[in-house]
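These features come from Swiss-Prot:
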BINDING   Gly228, Thr229, Gly230, Gly231, Thr232, Ser335  pyridoxal 5'-phosphate binding site
MOD_RES   Lys83  N6-(pyridoxal phosphate)lysine
TRANSMEM  6-22  transmembrane segment
Amino acid sequence: MAKKYQDLASGIAMGAVFMYLLRRLYESLRVKSSADSLEEDIVNGVEGLIGNTKMVRIKSLSQATGCDILAKAEFLNPGNSPKDRVALQMIRTAEENGDLVPYQSNAVYEGTAGSTGISIAMLCCSLGYDSRIYMPSDQSKEKSDILELLGAHVQRVTPAPIVDPNHFVNTARRNAANHTVDESIPGKGYFANQFENPANWQAHFNSTGPEIWRQCAGKLDAFIAGSGTGGTIAGISRYLKSKDPSITVCLADPPGSGLYHKVLHGVMFDLAEREGTRRRHQVDTIVEGVGINRMTRNFSIAEPLIDMAYRVTDEQAVAMSRYLVTHDGLFVGSSSAVNCVAAVRLAKKLGPGHRIVTLLCDPGSRHFSKLYNEEFLRKKNIVPQVPSSLDFVEA
């Protein structure tokens, strides 16, 4: 009997030891798994923060239309815009082609309305390059201030047609070439050429498009975006259409841009170009970052994929910017407001139950001097108001 109890006690003890060891093993694996998870959350440099931005449901717009209106929060990129993706792709492609070598006094030159320049300047700080940015003088001062803070050489250029050698893009191209041949300047210049560089649309085909598809679990009816260089709408549309050709792609275009008529009628034309109304600089809008009056290589990729287009007025963009702040706490820039106006128009056209995806491109903090400046707006004959409904968006 004593041996029986002794064996039982021994068995219980062994079982206790086994359970103790099993628990220790479990805890060690849990700690290791937790440590591994933490390690995976560490990225290498600011470039590692680019992409995988959140998708946000814009509650007020969704509730008002009965559609699921989602927006990719691209302002959450470290440079606060989707241009981070483009800048990184252009620089990496240039490195692969031997056009850029880090820490050799090489400089990246670009002509930009601001956001791409900010992304380039930010990445040049991290990747070992200088940055030289040429931007139109009518763009918000906030952007040039950020560029200078990031160490970029900034030149604000008087707006001019693209055929003018002093156009900001042509100025950037010319100075990049001069840098390379001038032996008195160390290193060489690389012209990023975002309007024509295929790395632009490829950045969105490789990252933004797949992210949208994954975040929506492949369930979306339409995608809406504006176009400046054309790279964003080209890359995302090309990816989404490759997954589901039935997805509707819609262009949101501001006043003065010829893309609206190019999509609808095949002619690059704006009403401002009518006989008797021509001006030296046709694009006359408070909206920054989208709208153009020429075909770019990147937009040529997008054009056959775009199914429809909406013209969005400055007044509508201003009203939407205030509406989003008041009803959703979303403080966004002018191109984002344009996108949201177009999203509501399309939602009204499609009817309840559809899912529409667009982009929130940059924060409102870059637009204090124009979009959120009441004095500036009144000079443009725009009276900023906080709308209580979406009646300012026609169906």
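Just so you know, glycine gets a Cβ as well, placed from its N, Cα and C.
Reduced to three states, the DSSP call for Ser335 (pyridoxal 5'-phosphate binding site) is helix. The CA atom of Gly231 (pyridoxal 5'-phosphate binding site) is located 10 Å away from the CA atom of Lys83 (N6-(pyridoxal phosphate)lysine). Across the annotated binding residues for pyridoxal 5'-phosphate (Gly228, Thr229, Gly230, Gly231, Thr232, Ser335), the two most widely spaced Cα atoms sit 15 Å apart. Sequence-distant neighbours of the residue listed as 'N6-(pyridoxal phosphate)lysine' (same chain, six or more apart, CB under 8 Å from its CB) are Ser115, Thr116, Ile118, Ser119, listed in sequence order. In this structure, of the binding-site residues Gly230, Gly231, the smallest number of CB atoms within 10 A of the CB marks Gly230.
Within 10 Å of its Cβ, the residue among the binding-site residues Thr229, Thr232, Ser335 with the fewest other Cβ atoms is Thr229. Sitting within 8 Å of the Cβ centre of Gly228, Thr229, Gly230, Gly231, Thr232, Ser335, and not among those site residues for pyridoxal 5'-phosphate, are the Cβ atoms of Asn200, Ala225, Gly226, Ser227, Ile233, Gly289, Val290, Asn298, Phe299. In the three-state DSSP scheme, Thr232 (pyridoxal 5'-phosphate binding site) is classed as helix.
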